[in-house]
Amino acid sequence: KPPRSPCCRGLELQQCITQWNKTGDTSTLRNRKTFPLSEKTFQTPSTAVSKDKNSRTGGQSSEDDTQSSNGTSAQFSVRGSLGTNEPPSRVLLMLVVGLSFSTRLYKITEPPHVCWDETHFGKMGSYYINRTFFFDVHPPLGKMLIGLAGYITGYDGTFPFIKPGDKYEHHNYWGMRGVCHFSHTPIQSFHSFKKSSYIMGVDVSSLLLCSTVLCSVGLLSPNLCLPHSAGVVSVSHCCSHHCLSAHIWPFTAPWWLWLVLIGVNLAGALGVKFVGLFVIVLVGLNTVWDLWRLLGDLSLSLVDIAKHFLARVVGLILLPLFIYVTIFAIHFVVLNKSGPGDGFFSSAFQSRLIGNNLHNASMPEYLAYGSTITVKNLRIAGGYLHSHWHLYPEGVGARQQQVTAYLHKDYNNLWLIYSQSGTPDLVRHGDIIRLEHKETTRNLHSHLHEAPLTKKHFQVTGYGTNGTGDTNDLWQVEVCGGRKGDLVKVLRSKVRFLHRATGCVLYSSGKTLPKWGWEQVEVTCSPYLKETPSSQWNIEDHINPRLPNISLSVLKPHFLEILLESHIIMIRGNSGLKPKDNEMNSKPWHWPINYQGLRFSGVNETEYRVYLLGNPVIWWMNLATLGLYLIMVAVASVALQRGFSLEHACVLMRGGGLLLLGWLLHYVPFYTMGRVLYYHHYFPAMLFNTMLTGITLDILLKSADLLLRPPYSDWLQRVGQMAFLFTVLYSFYLFHPLSYGMTGPLAHEPGSAMAGLKWMDSWEF
C-alpha cells in the first residue's frame, strides 16, 4: 500500500497522488469522491506529468476536477521540481556557491589589526597551536577550528592578541578569519529549499547572502552560526523531501545520509556553543512528532516502527553524543600544557598538565597533622586560602589580620594543620583542627562580626601568635559525602571546615575586596550550611617529611571525570557572566528591530571602521514576515477546514512552523537569562527568521493564481520576484561598507559612504 503524504489534508489517496504529480489542476473537496485503487493509480512522477500534459492538450479535465457547491473553482498551479520551465539546478547552485565565497572572503585581510572579538578567539586559536590549556565558558569546537585554520595557513601562534587595534604586521591571520567567514548556509539552503521550488531556494539563499552580519570581519558569530544553520537546513531538507516525515524512502542511502548529517550537525551546534541545545530541542520535537505520526500509520507493522525508532536513536542521539565526546577528547589531548586555565579547574585536573607544579609531583596521599598544606576553593575563581601581615581597616569588623582567597600560587597560601589534642595522626572526618598561617603564625579565626562585603556572613581573620589563641580558632573537618572516621585524600577529597563556636562554614564569596584588601577575593564564614562549591575546599599541596610520598599520577582523574568537571565549570562560568557597571550590554527586545549594532573596529574618520549591524531591509522584512506568516497560516487553516486543497500548505505549515519554532526557541529564552548579552546572541534565531521569510514570501507570490487567472498571475509573480531580489541586492549594496569596513567621513558628514543611511539614532556608525 503506497504511503499517504500528510501534506494533502482531506484528500483521498487518488486525489493526493494526482495533486502532487500534476502541473495544474482545478479541484475543491467540498464533495469528495472515493476512487478505487489500481495499479494504474500509482505512476511515476514523470509518467503522470506526461499523461496530464496530453489530457490538457486534448482540452479534457481530469476525473477528480470537481466544482465546489458555490459554483467557483479553485485553480492551483503546481510548480517546483516538476515544472518544465525551471532554470537548471546546477547553474543556480554554482552561482550561489560563487556568491557565497566572494561575499564572505572579500577584503578578508582588512583591517590589518585586531578587531573586537579577535582579542579572545584569536588568542584561543594561538593556545591550540601552542597546546596551552585555557578555559572558556563554551565547548571547544569553534576555537579548535580557528586554531586549525591558523595552523594550516601558516600562523605560528606567537601573536599576543593583547587589545583591539594591535597591528598583525608579519603574522599570517587571514586563515583564522576565513574559517569564521566561510559558511555553506546559503549553499545548503538553496540545495534544500529548491526541493519545494527553485524560486524558494533562490529567495532563501539571497536573503542569507545579503545579510551583512554574516559578512562582517572578525572571529565571532559567522563561525558560531554555521552548525546551527546546517542542522536546521538538514531538517528542512528532510521535510521538503519527506524522507523523515512520510516514510517514502525509508532506510535507503539518501535517507541514511540525511539522518546522519542531522546528527553530525547537532553535535557541531552543541560543540560550538551551549545555545546549540535549542536546535537539539527543535529536532527532538520534530522527531517525536514524526514517530507519533508513524505510529498512527496502519500500513506499518510494529517491527517497521521499531526500526524507525532505533534508526533515530542511533542517528540523532548516539552519533551526536559520540562526536560531541570525541571533540572534548581531542581538546584535552591537544591542550596538555599548563596555562591560564589551570586555576579554574580542580587540583586533580591540574596534575595532568605539563608544566604545572602538580604534574609528576609526589606527596603523602592522606592528610596528616603537622603537615604544611595549601587549601583551594572549588568555586570558579574561588582561589587559595591566603593571609598576609595587613590588617582589616578601621570600621571593617575587628581590626585583625586579613584572610582572603588568592587566585595565584604564593608562599602566603601555606598553612600548618594541628590537632586540638596535639596527638599526631591522620586527619579524619569529624576531627577538630586548628589551621595556623605559616608565614605570620596566626590562627584561622572567626567571630560574630559581619564580613566586609557579604554582610549576612561572619568575618574570618588571622588571630593569636605562635599557636596561641582561643576557642574561635577551632574548626571541624567534614569530608563531603563521607562518614565519621573517613580519611582526607589530597587532591580528590572535597572538604568543608565548620566553625565550632558559631556553627558557620568557611566560604569564598567570589567578591573582590577593595584596594585595602589588595583586590583579592573575600573569605567569610557562612551561616548557611548548604553544600555549595563556595564552601567546599580541597587539599592541593601537602608536605610532611614523616609520611611516605606517592606519585600524583595515580590520583589523576580519568576522562569521564574531567569531562564532567569541565561541563560543571562551563555552566557555572556562563551563569557568572553578569553585566558589570558601564559595560556594553544588549537587550533582547533590541534584536528583532535592529535597534543597535556592535562596533568592531575604529571610532573616528582616520581609522578603519567596521560596524556589526544587520541589513536593515532584511531585518525589518523578517520582522514583518512573522506577522504575515501567522496570517497566512490562519487563512490556510480555514481554507483546509472548508475542504479546499492548497498546494503549498505542507511547506507553509509544517516547514514554516518548524522554522518559527526554531526562532522562538533561540530567542525567547534570552529574556529569562541574567547573564550579560550581546547583539550576536540573536544570530542563530535570525537564521531561522530569514529562512522563514524566504518561504513565506515565495508562497505568497505563488498564491497570486488564487486571485488572478493566467497569464496575469504569472506576470504578478515575476514582477514581485524581481522586486524582491532587487530590494535585497540593492540594500546589500547600500550597507555593505559596514561589513567590509570604511574610512573617511563619518555617517553624519557629507561625502561619507553611509551618508543618509543612519536611519536610527541608536546606530553608532
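Glycine is no exception: its Cβ is also placed from the backbone N, Cα and C atoms.
Noted in TrEMBL for the protein shown:
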- 40-49: compositional bias 'Polar residues' (COMPBIAS)
- 56-82: compositional bias 'Polar residues' (COMPBIAS)
- 364-420: domain 'MIR' (DOMAIN)
- 424-480: domain 'MIR' (DOMAIN)
- 485-542: domain 'MIR' (DOMAIN)
- 24-82: region 'Disordered' (REGION)
- 198-220: transmembrane segment (TRANSMEM)
- 255-288: transmembrane segment (TRANSMEM)
- 309-334: transmembrane segment (TRANSMEM)
- 617-639: transmembrane segment (TRANSMEM)
- 651-670: transmembrane segment (TRANSMEM)
- 682-701: transmembrane segment (TRANSMEM)
- 722-740: transmembrane segment (TRANSMEM)
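Here the domain 'MIR' (364-420) is broken down by DSSP into helix, strand and coil counts: 3 helix, 27 strand, 27 coil. For the transmembrane segment (617-639), same-chain residues at least 6 beyond its ends with a Cβ under 8 Å from one of its own Cβ atoms are 207, 210-211, 592-594, 646, 649, 652-653, 656-657, 660, 663, 686, 689-690, 692-693, 696-697, 699-700, 727-728, 731. For the transmembrane segment (722-740), the list of distant contacts is 106-107, 110, 202-203, 206-207, 209-210, 212-213, 215-217, 597, 610-613, 615-618, 697, 701, 753-754, 757, 765: same-chain residues at least six beyond its ends, Cβ to Cβ under 8 Å. Counting same-chain residues at least six beyond the ends of the transmembrane segment (309-334), those with a Cβ under 8 angstroms from any Cβ of the stretch are 128, 131, 139-141, 144, 251, 256, 259-260, 262-264, 266-268, 270-271, 280, 283-284, 287, 291, 559, 562-563, 566. Long-range Cβ contacts of the transmembrane segment (682-701) within its own chain (Cβ-Cβ under 8 Å, at least 6 residues beyond either end) map to 185, 189, 193, 196-197, 199-200, 203-208, 211, 213-214, 221, 224-225, 228-229, 232-233, 236, 275, 278-279, 588, 591-592, 614, 618-619, 621-623, 625-626, 628-629, 632, 648, 651-652, 655-656, 659-660, 662-663, 666-667, 670, 716-717, 720-721, 724. Model confidence over the domain 'MIR' (424-480) stands at 92, taken as the mean pLDDT rounded to a whole number.
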